[in-house]
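Engineer: Attaching a single structure in structure tokens format; questions to follow.
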Amino acid sequence: MSETMTNQNVVNEEQPFNESKHRSHGIDISAIERSMEDLSIDNETIALEVNKLKLFYGEKEALHGIDLSIPQKRVTAFIGPSGCGKSTLLRCFNRMNDLVDGCRIDGQILLEQEDIYRKGVDVAELRRRVGMVFQKPNPFPKTIYENVAYGLRIQGINKKRILDETVEWALKSAALWDEVKDRLNDSALGLSGGQQQRLVIARTVAVKPEVLLLDEPASALDPLSTLKIEELIHELKNDYTIVIVTHNMQQAARVSDYTAFMYMGDLIEFGSTNQLFTNPSCKQTEDYITGRYG
């Protein structure tokens with residue numbers, strides 16, 4: 001799959017890769033090489049399979065025949081310039097694009113070999129299984145406790161013991177419990193931006209999803225809060241498949257196992273983060289990660 005994918009929807013002009021240029025743009029290639037396993041998509045269990053996916057806004061085609069495999073319990077990063085289709089593709093995975101007037105898709109997205117766009121799919125259940133965290137923290141105007149318990153109550157879970165245990169577990173999973181355990185009845189709106197984002201992650205994992213979609217989850221946060229989110233992503237991938245959209249290539253290099261580079265609605269290149277950042281197959285990829293455009 002990896003070799004086939006890398007050569008689909010690509011510009012085939014290749015040039016020798018100049019590693020020193022990456023260091024000049026702040027990406028420590030040696031650190032990536034030291035930290036990454038020798039990954040291959042061929043050896044992975046696949047969580048999400050994208051087959052010939054096209055997306056249209058009215059008559060405008062925004063995604064052009066995407067083929068992609070998202071490995072289970074790994075972090076996959078989508079990178080590329082603004083408007084390239086990263087977030088559009090991400091929102092396809094839990095059908096958030098259904099909410100956009102005039103939006104339609106051709107092709108398939110398979111979750112556990114089931115097409116999530118087939119007729120009769122329970123979209124609410126799909127969005128439980130494939131949770132999403134947005135760029136700007138969006139806590140509800142409720143207490144910290146009720147923010148996390150909200151999805152459970154929607155599912156009809158109201159037993160206090162179950163709610164208490166799940167809220168504590170979810171807040172611990174989001175590395176927030178120690179900071180809020182003595183003020184669970186305080187408003188979530190009083191938390192810092194970084195705490196609010198981790199609360200949103202806790203709210204998402206409380207309903208036991210299989211996949212977490214993160215759309216620029218740290219772009220509105222300060223460096224310390226960003227570091228906490230990145231550390232949390234490393235922890236969460238032990239239990240969840242994670243797909244993250246980021247404009248920050250250093251962040252993609254730090255947190256992801258696999259990276260997909262997109263440009264103008266096309267998937268240009270996909271591979272292990274190690275391979276893509278140290279030895280990209282396509283000149284377009286090299287140009288982007290070395291800062292020539294984007």
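Every residue gets a Cβ built from N, Cα and C, even glycine.
Take a look at what Swiss-Prot says about it:
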- 1-24: region 'Disordered' (REGION)
- 1-18: compositional bias 'Polar residues' (COMPBIAS)
- 48-289: domain 'ABC transporter' (DOMAIN)
- Gly80, Pro81, Ser82, Gly83, Cys84, Gly85, Lys86, Ser87: ATP binding site (BINDING)
Engineer: Averaged over the domain 'ABC transporter' (48-289), what pLDDT does the prediction give?
Structural biologist: 96
Engineer: For the binding-site residues Ser82, Ser87, work out the Cβ neighbour count at 10 Å and name the residue with the minimum.
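Structural biologist: Taking Ser82, Ser87 as the binding-site residues, the minimal 10 Å Cβ count falls on Ser82.
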Engineer: Specify all same-chain residues, apart from the site residues Gly80, Pro81, Ser82, Gly83, Cys84, Gly85, Lys86, Ser87, whose Cβ lies within 8 angstroms of the center of the Cβ atoms of the ATP site, ordered by sequence.
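Structural biologist: Going along the sequence, the neighbours come out as Thr88, Met262, Tyr263.
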Engineer: Can you count the other CB atoms that lie within 10 A of the CB of Pro81 (ATP binding site)?
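Structural biologist: The answer is 14.
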Engineer: Look at the binding-site residues Gly80, Gly85 and tell me which residue has the greatest number of other C-beta atoms within 10 angstroms of its C-beta.
Structural biologist: Gly80
Engineer: In which DSSP state, out of helix, strand and coil, do we find Ser87 (ATP binding site)?
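Structural biologist: Going by the DSSP assignment, Ser87 (ATP binding site) falls within a helical segment, counted as helix.
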Engineer: Ten-angstrom check, please: count other Cβ atoms within 10 Å of the Cβ of Cys84 (ATP binding site), all chains counted.
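Structural biologist: Neighbour count, Cβ to Cβ under the 10 Å cut-off: 23.
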Engineer: When you tally the Cβ atoms that lie within 10 Å of each candidate's Cβ, which of the binding-site residues (Gly83, Lys86) has the highest tally?
Structural biologist: Lys86
